[in-house]
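Inspection log for the structure reproduced underneath, given as structure tokens.
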């Protein structure tokens, strides 16, 4: 683990950093780098809706190609599915020997969608939290833990540069963990697909469907399997599984111990292993790239099917009653 005393802020202060993208992480990195005394410019395509926001926040903005030409550290924070095209068209032609190419996620490099030239350093600085939290913690004098990894290090200074960058966005205040592009990428994809997004979503929908099919009101089913999920996850987030079980009733704890293994059993675990193998051997990324190249047709169809699920219909109606819930733009428009 690395902390403030392990990182030299002056290293990144002596470089010119171009941040490609201004989404959740892009805005947090750019503003915190600037506030740490680093020269920074944001790379966005002409006509990007984020350009006025960047300018309002006092940052310089130019095209990705011009920013890559100006910078000697390029942090790529554009969406995963756009990175390879941006790299090939805008970044790679403007890289110079001795430059550094940074990423917030290792997917494109690990699976060979981006192949950097041998004379540039390739590293990753990945905060383990959303951009708004990274920025808020930085402003409050705190930080969000980060992962760092060095994939390519022609001059031998890649780790020091990555740690300096992490310090500039507040990461070393909380702690920085050294990893590899391989481990970060594969564990991130596995967690998303089997637990955080895919697994949780299907578990919620299945529970909702079982209750509704048994004759219970959809509103009650929604509250029991989706709305209250946040209460349980928050307890786990704060103190692990033990904190969750300490905080719920004995009835809930006893029932959870008995029934949980019947829902998530050895067969589930074996299928999770299958998914991990598909991530490791590149099968998943192959499907992802094929869908992107085909115009995201499969993704759009899956989105449509998900949006039409009955839990989404009843959920929108119930959230209209919850004044304390922040509503997404799609529900308030």
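Glycine is treated like the rest: Cβ placed from N, Cα and C.
The record from Swiss-Prot ties 22, 23, 24, 25, 45, 48, 50, 80, 81, 82, 83 to NADP(+), and of the options 112, 129, 131 it ties 131 to that site too.
On the backbone, the CA of residue 249 (substrate binding site) and the CA of residue 228 (Mg(2+) 2 binding site) stand 14 Å apart.
Every protein chain considered, the tally of other Cβ atoms within 10 Å of the Cβ of residue 188 (Mg(2+) 1 binding site) stands at 18. According to DSSP, the domain 'KARI C-terminal knotted' (180-325) comprises 122 helix, 0 strand, 24 coil. On its own chain, residue 192 (Mg(2+) 1 binding site) has 198 as residues at least 6 apart in sequence with a Cβ closer than 8 Å to its own Cβ.
Over the domain 'KARI N-terminal Rossmann' (1-179) the predicted model carries a mean pLDDT of 97. Here the Cβ of residue 249 (substrate binding site) has 9 other Cβ atoms within 10 Å, regardless of which shown protein chain they belong to.
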